[in-house]
Amino acid sequence: MGILSLLLSSILLLHFPIFAICNKQQVYIVYLGEHSGDKTHREIEDTHLSYLFSIKEKEEEARASLLYSYKNSINGFAAVLEPEEASVLSGMDEVVSMFQSHPKRWSLQTTRSWEFLGVEEGEGDGKEHRTSHDEEVSNNIDEKESLLNKAKYGKDIIVGVLDSGIWPESRSFHDGGMGPVPKSWKGICQAGDSFNSSHCNRKLIGARYYLKGYEHAYGPLNSSNDYRSPRDRDGHGTHTSSTATGRRVYDASPLGGFAKGPASGGAPLARIAMYKVCWPFKDKTLAEGDICMAEDMLAAIDDAIADGVDVISISIGTKDTLKYSDDSIAIGALHAVKRNIVVSCAAGNFGPAASTLSNTAPWIITVAASSIDRDFSSPVVLGNGITIKGGSVTPYRLKNQFYPLVYAGDVVEPHVPKNSSAGQCLPGSLSPKKTKGKIVLCFRGEGLRVGKGLEVRRAGGVGFILGNSLANGNDLSIDAHLLPGTIVAAKDATTIYNYIKSHKKAMAKLIPTEVVLNTKPAPCMASFSSRGPNALEPNIIKPDITAPGLNILAAWSEASSPTKLDFDHRRVKYNFDSGTSMATPHVAAAAALVKAIQPNWSSAAIRSALVTTASTRNNLGEPITTDAGEVANPFNYGSGHLQPTRAYDPGLVYDAPTPITFSSCAVPGTKTSIETSNARRHHHQ
Ligand SMILES: *[C@@H]1O[C@H](CO)[C@@H](O)[C@H](O)[C@H]1NC(C)=O
Ligand SMILES: *[C@@H]1O[C@H](CO)[C@@H](O)[C@H](O)[C@H]1NC(C)=O
Ligand SMILES: *[C@@H]1O[C@H](CO)[C@@H](O)[C@H](O)[C@H]1NC(C)=O
Ligand SMILES: *[C@@H]1O[C@H](CO)[C@@H](O)[C@H](O)[C@H]1NC(C)=O
C-alpha cells in the first residue's frame, strides 16, 4: 500500500493548491447606473444576461454565473467572473463602475465583534436597554412627549434595517393596537429556517435575507451557526431594530436586573422591515465575527427601495477606504436618497485614530457614537483606601471584603512569553496555582473582554479588573461577565498596576453595580468611534452627527447568550451593546419622527434638520469632550450630538439636489457648502 498511498497523497497535496490557483473566479459587481423605467423585470434580467453571454462561452455558464440582477432602482448585476472576463466588461461604455466584494470586509459595527486578525476593538458587548432616546438626549419628558405626539410615534413610517436578522418573538416587536400596514408597503415576509409569514405582523411588516454572495465566498451556511432565514441568531439585528422602532416594554430587564423599567425604541409605532445581510464568519485564527457581502447588501437596498421604506438604517462598516463608485452602500444609498429615503449609516468603530471613517458618501448620514448619562457603577477599592471608578453589569458579586490582588502578567504559566501580551488574560495563559482565590488585573488588547474574565475564572480567580489600554481611554464598556468583574479607564488601570507593583500584599474589593442616572459630563465621545478627516473628500466634514452608542440596552436574540460565547447558555431578552452600530438606529429613529411630521421634506432636508440642530455642548453646558477629556471637534462628532426634539422645527433647512451620477462629478457643490458651513459654525463656537 505504501507506494500507492504515497502517490495518492502527493497527488492530493498537489491537487488542492493547483485547484486554488486556477480558480480565480470572483464575484464582481457591475454597476450600470439607473434603469430607464421602460423595461420589465424580465427584460432587465435578459439585458444583464446579454453582457454575460457576450463574455462566457456557454449560455448555461453565463446563466449560472449571475448571482443577482438588480432590477428595481439600481441597475447592475453581480456575477462570477474570471479576471479576463471582468476586464472585458469593465471596458464597456455602459459600465459606470465595477468592483469585487472579496476580500474587502464589511462587518457589523458593534465593539464586540472581532477584528479580522483577532486584534481587539474588538470585544464590546455593551448594552443598554433603550429607554426612548430623547430621554437620554435631553431628559426633558415634556419635549419628548410633544415630539412623539406630533410625530404620532412614527405611526406610518417604515424603517428598513440591514443587519443580522431579527428575533420576531421579542416583545419590542409586538403589534398590539397598531393599525393596518401602510398601503404603500410592497415588501414581503420571506420564509426560511424557523421563520415563516406568520412571524411578520403589523409591527414587523417585512423580512428578507440575502446570502448568495456570502455562500459563494465561504461555502454553504452552516445551519448550526445561523438561520437560513431572516431570523437573528447573533442578537445585533434585534438590538438595532428595537433601538430604532421597538415598542414600549415596561419590564425590560437584562441579565442581573439592571436598568429595569420601561424601554422603548425612538419611533415606537414606526414599522420595521429587516433585510438580513450579515452572516457568521471565522477567520484563519478561528476568531468569530460576522461579514456582510457587498453584493448581498446592494440587493437588499434595491429591494428596500422598491418595498417602500422611508428610512434605511445600516450599522455596517469597513476598514477599507472605498471610492463611492466601488462602495455598494454608497451606491445603494444614492438610489435611496433619490427616492427621498433617509439613509443612516455607522461611522465605524476604528477610532480613535484619524481618518478611519466608513460610509462617508455626502448623501449618507454618517453616525458617530458617544456615551449617555447613565453609569453602571462598580468601583474598585484598593487596600490603600483609594477608590477607583469602574463599570459592570455582571450578575455575580463578591463578598464585601478585601481579596489578594495580582497583575495577570505576574501569574502566568511559565510558557507564556514575558511581554505585554502576558498581562491580557488570553486563553490558557494563567497559572491556576498562582491565581486561585485572587482578583486579577487584566489589560485589554487582544481577545474578547468577556473571554479574559473567563480565563480568570478558569484559573480559579474570584474576580477581575479589566484595564483599558491607552487606545480605549475612558470608555467603560460594560459586559455581562461570567464572574465578578469591573472595567476601569486606562489611567486608572495604570494606578492599579503601580499599586500592585509597589505593595507586597496588594488587596482589593469590588463594589457591586449600582445604576447611576444623570451622570455628568455626558455625552462624551466614545474612543472606538471612527474619526475624520474624510479620507475621500476632505472638504466634506464627516461624521455628520453623534448619537448614543455606549452601553445601549435593547432587545436581543434568544438564540444567543449575552456574551455570544458558545458555552454561555444564559439567555436574555434584553442586552447591552456598544458601537456606532447602536448610534445609527438612534438617528434613523429621529429621521423617522421628523419624516412623520414633515412628510414632504427631502432626504437632504431631513439630514440637514438633524445635523443643524445637533448640540456641541454636554449636560454641563460645556463643549463635548473626547473620552480622553479633550475638547471634541467636528472630526469626532460632525455637527454635534443628536437632539431629535429640536429637529422637526430647525428654523432653516439646507435642501440639496440629488446627485445625478457617479461618472463625472460625484459630489455636488451644494452638499459641500452645507457641510463646510456647519463645520465653520462649530469652529467659531
Ligand atoms: C409558521 O410557523 C409556526 C411555528 O413556528 C406555525 O405554528 C405556523 O402555523 C406557521 N405558519 C405558516 C403560515 O406556515
Ligand atoms: C458547523 O458548525 C458546528 C458548530 O460550530 C461545527 O461543529 C460543525 O463541524 C460545522 N459543520 C461544518 C460542515 O462545517
Ligand atoms: C509576545 O510574545 C509572543 C511570542 O513571542 C508574540 O506572539 C506576541 O506578539 C508578543 N506580544 C507583544 C505585545 O509583543
Ligand atoms: C405634502 O404634499 C402634499 C401634496 O403636495 C400636500 O397635499 C400636503 O398638504 C403636504 N403636507 C404637508 C405636511 O406639508
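One is the number of the first residue shown, and numbering goes on along the chain from there.
Note: Cβ is positioned from N, Cα and C throughout, glycine not excepted.
TrEMBL labels come from automatic prediction, so no person has curated them.
Quick look at what TrEMBL annotates:
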ACT_SITE  Asp163  active site, charge relay system
ACT_SITE  His236  active site, charge relay system
ACT_SITE  Ser581  active site, charge relay system
COMPBIAS  228-237  compositional bias 'Basic and acidic residues'
DOMAIN    27-102  domain 'Inhibitor I9'
DOMAIN    154-640  domain 'Peptidase S8/S53'
DOMAIN    404-495  domain 'PA'
REGION    222-248  region 'Disordered'
SIGNAL    1-22  signal peptide
Provide, as an integer number of angstrom, the distance between the C-alpha atoms of Ser581 (active site, charge relay system) and His236 (active site, charge relay system). 9
Tally of residues which DSSP labels helix, strand or coil - the domain 'Inhibitor I9' (27-102): 30 helix, 25 strand, 21 coil
Inter-residue Cα distance where the pair is Asp163 (active site, charge relay system) and His236 (active site, charge relay system), in Å: 7
Tell me the Cβ neighbour count for Ser581 (active site, charge relay system), meaning other Cβ atoms within 10 Å of its Cβ, over all protein chains shown. 34
Spatial neighbours of Asp163 (active site, charge relay system) that are distant in sequence (at least 6 apart) but have CB under 8 A: Leu108, Asp232, His236, Gly237, Thr240, Ser241, Met274, Tyr275, Lys276, Val277, Cys278, Ile314, Ser315, Ile316
